[in-house]
Ligand code: NAD
Ligand code: MG
C-alpha cells in the first residue's frame, strides 16, 4: 500500500484503554494507517503525548481552556494540529470527508452522537462504544444501512461472533442456518463470591478484573454482569437476533470469545488470548489480517476450558437488560442511563455495589413517556432516566449511600 492509499483514521476516546490499544496496533503498520484525529475528554497530557507521536491533523478535547493549552503546546513542538472542543467537534472528526475509518471508543452515552455521525457519513466504524448501540439500536442500524457504512464490532464477543458467522449475515439468524449465539462471559471478579460479600464490594475489588484490563466503567459493568446484559442487547442489533436466541455462557478463562451454534449441530468458536488488540486489528484490516502484537494462544498452558450457567439471582443486571430489550422502545436507553449514574455513584463511594442493580430496576419500574423513534427522543429518555436515578440516589438509596461510605 502506498502512503496515498493509507486508511485515514479518527480515534474517538484515544486516551482510554481501547484507544491506547488501537494506537498500539496502528503504530505497527505505518504503511497502512494514518491518524486523522485523536479525541479525549479531559486527559490533555496523555493526548499531547499521543499527538506528538501520531501527528494528527485534528485533536479534540471537551473544554475550551484545555483545547487552548493543547494547541499552544503542539505549536511549541512545531505541530500545526488544529485543536477543537465539544460534542460538535467530535461529530465533525467522525464525519469528515477525508476520514475512512472511525474507532468509536468513547465510554458511555457520551459516545452516541459522534458514533452516529460516523454511521450517517458511511464510514468504516469500529464499534467499541456498546452503549451507543444499546441506546439507539434501531436508528443506528438504519443509519448504517442507509449510508452504506461498514460496521465492525470490536467488543471481543461480538467480534468473535462476526468471525463465526458467514459473510453478509444480516437478515436474521434463521436465514443463515444459525440456531443461537453463545455469548461468553468471564463471570467477573465476583463469580465465586456469595451475595453478602458482593453487596459490599469496593470499587477497587470491582475493577480488579481477572482476565481483562479495561476502563473503570466497563470493569464495574463486568462485575455486576451488566456488561453482559449490554452485550446481549448489542448482539441483538448487530446480528438481527431475538434475545431468546442468545445464550450467556460463563467461561472463566476468557479464551473462547463467543460462538455461533448452527442448525446442523456445528458450533463455531473464536479463540485467542484475552487482548483487545486482536479484535481491533481485525477491524482495522478487515477483510485482511495483520499482526496485532498478540501472541498465539498456548493451549498446553491453558490446559482446560470451563463453562457454567450465569447466576441471575446474584447478578440481576443480566435479567434487567434482557427485559429492557424485550420491552423495546426507549427501555434499553433508560437501563443504560440509570446504570451509568449508579456506576458513577458507586465509583465515587456514594452507593453500595449491591444497590447498583436496585437503582436500575427502580428506574425501569417507573413509567417512561419517551419513545425511541428519533435521536432527540432517545436523548430525552436518557436525560429523564438520569434524573430519576439521581433522585433515587438522594432519597431511597440514602441508606445504601451511608453504608458505602462506612
Ligand atoms: P476508558 O474509560 O478507558 O476510556 C474512555 C475514553 O473516552 C477516554 O479517551 C476518555 O477521555 C473518553 N471520554 C470519556 N468520557 C467522555 C465524554 N463525556 N466525552 C468525550 N470523551 C469521553 O474506557 P474503555 O475501557 O477504553 O472503553 C471504551 C468503550 O469501549 C466503552 O464503551 C466500553 O464498553 C467498550 N469496550 C471496552 C473494552 C476494554 O477492554 N476496555 C472491551 C470491550 C468494549
Ligand atoms: Mg465484551
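Quick reminder: no glycine exception, Cβ is built from N, Cα and C everywhere.
No curator has checked TrEMBL annotations; they are predicted automatically.
Per TrEMBL, the feature domain '1-deoxy-D-xylulose 5-phosphate reductoisomerase N-terminal' maps to 9-137. Sequence annotations record features per position, and here TrEMBL assigns NADPH binding site to 15, 16, 17, 18, 129, 131, 215. Positions annotated as 1-deoxy-D-xylulose 5-phosphate binding site by TrEMBL: 130, 156, 157, 186, 209, 222, 227, 228, 231. Annotation comment: TrEMBL describes 151-239 as domain '1-deoxy-D-xylulose 5-phosphate reductoisomerase C-terminal'. Residues annotated as Mn(2+) binding site in TrEMBL: 155, 157, 231. According to TrEMBL, the feature domain 'DXP reductoisomerase C-terminal' maps to 271-387.
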So of all those binding-site residues, 155, 209, 231, which one's Cα sits nearest to residue 129 (NADPH binding site)? 155
So how many other Cβ atoms are close to residue 16 (NADPH binding site), meaning within 10 Å of its Cβ? 23
Looking at the binding-site residues 17, 18, 215, whose Cα is closest in space to that of residue 157 (1-deoxy-D-xylulose 5-phosphate binding site)? 18
Taking the Cβ of residue 129 (NADPH binding site) as the centre, how many other Cβ atoms fall within a 10 Å radius? 28
The domain '1-deoxy-D-xylulose 5-phosphate reductoisomerase C-terminal' (151-239) [mean pLDDT, rounded to integer]: 96
Nearest of the binding-site residues (155, 227, 231) to residue 18 (NADPH binding site), judged by Cα-Cα distance: 155
In which DSSP state, out of helix, strand and coil, do we find residue 231 (1-deoxy-D-xylulose 5-phosphate binding site)? helix
If I take the Cα of residue 130 (1-deoxy-D-xylulose 5-phosphate binding site) as reference, which of the binding-site residues 16, 17, 155, 215 has the closest Cα? 155
Near the Mn(2+) site, what residues other than 155, 157, 231 in the same chain have a C-beta no further than 8 Å from the centroid of the listed C-beta atoms? 130, 153, 156, 158, 159, 183, 227, 228, 234, 235, 258
Taking 16, 131, 155, 157, 215 as the binding-site residues, the residues having C-beta under 6 A from ligand 2 are 155, 157
DSSP-wise, what's the residue breakdown of the domain '1-deoxy-D-xylulose 5-phosphate reductoisomerase N-terminal' (9-137) into helix, strand and coil? 64 helix, 27 strand, 38 coil
Could you count the residues of the domain '1-deoxy-D-xylulose 5-phosphate reductoisomerase C-terminal' (151-239) that DSSP puts in helix, in strand and in coil? 43 helix, 11 strand, 35 coil
For the binding-site residues 16, 215, 227, 231, which sit with their CB under 6 angstroms from an atom of ligand 1? 16, 215
Radius 10 Å, atoms counted are CB only; among the binding-site residues 15, 17, 227, which position scores highest? 227
